[in-house]
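**Student:** As annotated in TrEMBL:
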DOMAIN    35-374  domain 'Amidohydrolase-related'
BINDING   E116, H184, H205  Zn(2+) binding site
BINDING   A127, N208, A209, R216, H245, L301, S302, G303  substrate binding site
ACT_SITE  D267  active site, proton donor/acceptor
Amino acid sequence: REDLWVREGKILNPEKLFFDEKGSADVQLDCKDSIITPGFIDVQINGGFGVDFSVATDDFKSGIDLVSQKILSHGVTSFCPTLVTSPPSVYHQVLPQISVRNGGAHGAGILGAHLEGPFISKEKKGAHPEHCLRTFEAGAFQDLLATYGSLDCVQIVTLAPEMRRSSEVIRELTKRGICVSLGHSVANLSQAEEAVQHGATFITHLFNAMLPFHHRDPGIVGLLTSDKIPAGRRVFYGMISDGIHTNPAALRIAHRAHPKGLVLVTDAIAGMGLAPGRHTLGQQVVEIDGLNTYIAGTKTLSGSVATMDTCVRHFQEATGCSVETALEAASLHPAQLLGIEHKKGTLNYDSDADFLMLNDSLYVQATYIAGEEVWRQDVSGM
C-alpha cells in the first residue's frame, strides 16, 4: 500500500523531494493492487526465440538484441548471455560482439557473458560436446586466455574444480572481478571447498551435471552446509526450477538447507519461446518435447525452455515459500552474486528503477527499466 517514487531512472527517497525541494509527483500511476518487485536477473541463459548465443553468426548482434527484447515480457531486466562449451574460434568471434550495456525500451541490460566450459569434466559434460572440452595444460590461466581470446566482457566462468591447476585459474579470474562457478564436475567436497577458499562463489545448476549427493562425501552439493566457507563469504547456487531438471523435493532440500544462496536461472536454450521440434545448443542438435529438451536421439537433458517468470512461480509453488522469498531468488540473490546489489535487485532508494508489476499469481503485467515502461501485458486480447 505504498508509493514508489522514481526520478531520472533511479528509485527516489521522497523525503528529499518533499522537504528539500518542496516538490510533488509529475506523473502518478495507479498500480491497481499489483505487486511491485525488482526486475529479474538471469545469470544463465544460452539463448531463446531461435537465437543460440554459442553460434558465431554475422548477425550475432541482432540475435542478442532479439532475445533481450523478448525476455522483457517474462520480467527479465538484465541477464548474462551464456555460451556452452565451444571451439576457441567461436569464443574469438562471439565475445567481441557482446558488450555490457544498460537495458531500456530496446531490451534487457547485458551484465556480461557467462562462459560455461570448456574447462569441465568429461564424465559430467551433460549437453556439452566432448571434442571441445579442454584442460589447463602447461599454461593454466594462459590456456584459458588463449581459448577465450578476451575476458573484457566476461562476468562468470563455470569450470570443474578437480582439474589440475584450477586453483591458480580461480585466483586469477577472481582477481579480475570475474565470478567463478563450479559445475559440470566430479569434484568431491574438499576439492569444492578448496575452490571456494580460492575465490569461487557460485555453483552452476545445483544437482545437474555433478556427482549425486552421497552421505560420506556430499560433493559440490555439500557446499550448501559446509563449515569451511571463509568468514563473511556466501556461496550461491543456481537452480533450474522448471519442474524437470530438479525434482520439487530436491528443490525443497536445497532451499531449506541454504535459502540465502538460491539463485533461480532459466538455463534457457534457443528453443525457448518456440514450437516443439529440433533446435540447437551450440554444436549440438536438441529436441524439444513439451518442457523437456534432450540432445537429439538421447535422454540427456540439454538446457530448458522455461522462462524466468515460470521458474519463479514453480519455485514458490514447490517450496511453499513466501512470495518475497521467491522474488528475491530471481532478483536480490543474483545481484548479490554479481556484487551489484547497490544498483539492482532491490527497491532501495538510489538503486536503478528496474521493476515489475505482477498480479497475485505472479504473472508479469508490466516491466520497467530505469523508470520507463518497456513492456505491458496487452489487456485488450484477454
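Including glycine, each Cβ sits where the backbone N, Cα and C put it.
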**Student:** What is the set of residues, excluding E116, H184, H205, whose C-beta falls within 8 angstroms of the centroid of the C-beta atoms at the Zn(2+) site?
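**Tutor:** Other same-chain residues near the Zn(2+) site: Q44, G117, I120, G126, H128, T158, S181, G183, T204, N208, A209, D267.
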**Student:** Of A127, A209, L301, the binding-site residues given in the record, which has the fewest other CB atoms within 10 A of its CB?
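**Tutor:** Counting other Cβ atoms within 10 Å of each of the binding-site residues A127, A209, L301 gives the minimum at L301.
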**Student:** Return the single residue from the binding-site residues list (H184, H205, R216) that has the minimum number of other CB atoms within 10 Å.
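**Tutor:** Comparing Cβ neighbours within 10 Å for the binding-site residues H184, H205, R216, R216 has the fewest.
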**Student:** Would you work out the biggest C-alpha to C-alpha distance among A127, N208, A209, R216, H245, L301, S302, G303, the residues that bind substrate according to the record, and give it in angstrom as a whole number?
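**Tutor:** Looking at A127, N208, A209, R216, H245, L301, S302, G303 as a set, their Cα atoms extend up to 30 Å apart.
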**Student:** For the domain 'Amidohydrolase-related' (35-374), what is the mean per-residue pLDDT, to the nearest integer?
**Tutor:** 96
**Student:** Whole-number answer please: how many Å between the C-alpha atoms of S302 (substrate binding site) and D267 (active site, proton donor/acceptor)?
**Tutor:** 9
**Student:** Near N208 (substrate binding site), which residues of its own chain have a C-beta under 8 A away, given they sit six or more steps off in sequence?
**Tutor:** G126, I240, H245, T246, L301
**Student:** Same-chain residues six or more away whose CB lies under 8 A from the CB of G303 (substrate binding site)?
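**Tutor:** The list for G303 (substrate binding site) reads N46, A127, D267, A268, I269, L281, V286, T293, given in order along the sequence.
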**Student:** Do you know offhand how many angstrom separate A209 (substrate binding site) and H184 (Zn(2+) binding site) by C-alpha?
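**Tutor:** Spelling it out, the Cα of A209 (substrate binding site) and the Cα of H184 (Zn(2+) binding site) are 5 Å apart.
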**Student:** Distance between E116 (Zn(2+) binding site) and R216 (substrate binding site) at the Cα atoms, whole Å?
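**Tutor:** Approximately 28 Å lies between the Cα of E116 (Zn(2+) binding site) and that of R216 (substrate binding site).
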**Student:** H205 (Zn(2+) binding site) to R216 (substrate binding site): how many Å between their Cα atoms?
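**Tutor:** Cα-Cα distance, H205 (Zn(2+) binding site) to R216 (substrate binding site): 22 Å.
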